[in-house]
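Features as listed in TrEMBL:
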{"type": "BINDING", "residues": "Cys100, Cys104, Cys107", "note": "[4Fe-4S] cluster binding site"}
{"type": "DOMAIN", "residues": "86-309", "note": "domain 'Radical SAM core'"}
{"type": "MOD_RES", "residues": "Lys312", "note": "N6-(pyridoxal phosphate)lysine"}
Amino acid sequence: MRKPPATAQSLIADLGLQDALQQDLIESAFAFKAPRHFIAQIQTADAEDPLLKQILPIQAENHSPEGYLTDPVGDHLKNPQPALIHKYHGRVLLIASPKCDIHCRYCFRRHFPYESHANQRHWQKALATISNDRTLHEVILSGGDPMSLSENALLKLCQQIETIEQITTLRVHTRTPVVAPDKAAQNQWLAWTRETRLNVVMVVHSNHGNELSKETGELFSRYRQAGVTLLNQSVLLKGVNDSIEILEELSHKLFAQGILPYYLHQLDKVSGASHFEVEDRLALNLHEQLRQRLPGYLVPKLVREIAGEPYKTPLIP
Ligand SMILES: *Cc1c(COP(=O)(O)O)cnc(C)c1O
Ligand code: SF4
C-alpha cells in the first residue's frame with residue numbers, strides 16, 4: 001500500500017488542490033499528521049472536504065481571538081501528579097500515551113506537554129495513587145491516544161488496572177479505530193477484554209459519517225464480539241459537521257457500526273482553533289433538530305467543558 005503523504009504540501013498535491021490551498025498552508029509546532037486510512041476517505045479535488053479540514057494547518061490558526069487559551073479545560077491545574085487528571089467523582093483519567101496517530105487541528109490538547117507524562121515511571125506512581133483511592137471505580141485511558149501504544153504496553157497497563165479491587169470499569173478514549181483501523185486491531189488486547197472481570201467501554205471519536213468505512217465497521221464488530229461497549233464523542237466543528245443532515249447521518253452510521261452517540265462537544269476554546277467555533281445558538285438549534293429526527297438513543301448529549309465544573313456541562317437554551 002502507498003505511504004501516507006508526509007506533509008500537508010504533498011497531501012494537497014495528491015488531492016489536486018495545490019492551486020486552491022497552497023497559499024493558505026502554514027508551518028505549525030503542532031505538525032501536520034494523518035494516517036493512511038483517514039486520508040483515503042478524503043475526496044479528491046474538494047477543498048471543502050470535511051475530513052481534510054480537520055487536518056490541514058492553515059493561516060486561520062494564527063488568529064487567536066480573546067478567550068482562546070492554551071489550556072481551556074483546566075487540565076494543567078487538575079493534574080495532581082504526572083499522568084493523572086482527576087476532575088470528576090469516581091473516575092480518573094490516566095494519560096496513557098504521549099502521541100496520537102492524527103493531529104486534529106481543533107484539539108484542546110494541542111499545547112499539552114504529553115511527553116513528560118506518559119511513561120512507565122509515572123504510570124506506576126499513578127496506579128499506586130489509584131489503588132489508594134477507594135472513591136474511584138473507573139479508570140479512563142486517554143492521551144494522546146492509548147491505542148497508539150504498542151500492544152504489549154497497552155495490555156500490561158490494562159492488566160495492572162484489573163488488579164485494583166475497587167475499579168470495575170476500564171474506559172478507553174481513542175480516535176485510532178476510526179482514523180487507522182489497521183493499527184487498532186490489537187488481537188491480544190481483544191482476547192484480554194473477553195476474559196477480564198472489568199467492564200470495558202471504548203469511547204471513539206468520529207465527527208463525520210465519511211470517517212466510517214467498511215474497515216472501521218469490521219473492526220467495531222470485532223470489539224463488540226469481545227464484549228466492549230462502544231460509544232462515540234464528536235466535536236461540533238464549523239465547516240465540518242455543523243449541519244443537521246451531516247449530524248443525522250453520523251448518528252445513523254455510528255449505530256450501523258454498533259456505536260451509540262454519547263457526547264457532542266462544543267469546541268474547547270484552544271488557541272489556534274477559533275475558525276472551527278460554532279455559535280451556541282446554532283449548536284442548540286441543531287441539537288433540537290436532532291431530537292426531532294432521531295430516536296432518543298441516537299441523540300448525543302450536547303455539552304461544553306467548563307474548567308472547574310464537576311461534570312461536562314449540558315448546553316441549555
Ligand atoms: C471528560 C472527562 C472524563 C469523563 O467524563 P464522563 O462524563 O464520565 O464521560 C473524566 N475525566 C476527565 C478529566 C475528563 O476530561
Ligand atoms: S486524536 Fe484526540 S487527542 Fe489526538 S489530536 Fe485528535 S482530538 Fe486530539
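Placed from the backbone N, Cα and C atoms, the Cβ positions cover glycine too.
This view paints the features noted in TrEMBL onto the structure.
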residue: Cys100; record: [4Fe-4S] cluster binding site; Cβ contacts under 8 Å, 6 or more apart: Lys33, Cys107, Gly143, Gly144, Asp145, Ser148, Arg175, Thr176
residue: Cys104; record: [4Fe-4S] cluster binding site; Cβ contacts under 8 Å, 6 or more apart: Gln54, Ile55, Arg175
residue: Lys312; record: N6-(pyridoxal phosphate)lysine; Cβ contacts under 8 Å, 6 or more apart: Tyr263, His265, Lys301, Val303, Arg304, Glu305
Apart from Cys100, Cys104, Cys107, which residues in this chain have a Cβ no more than 8 Å from the mean position of the Cβ atoms of those residues at the [4Fe-4S] cluster site?
Ile102, His103, Arg105, Tyr106, Arg109, Arg110, Arg175
Within 10 Å of the Cβ of Cys107 ([4Fe-4S] cluster binding site), how many other Cβ atoms can you find? Include all protein chains, please.
19
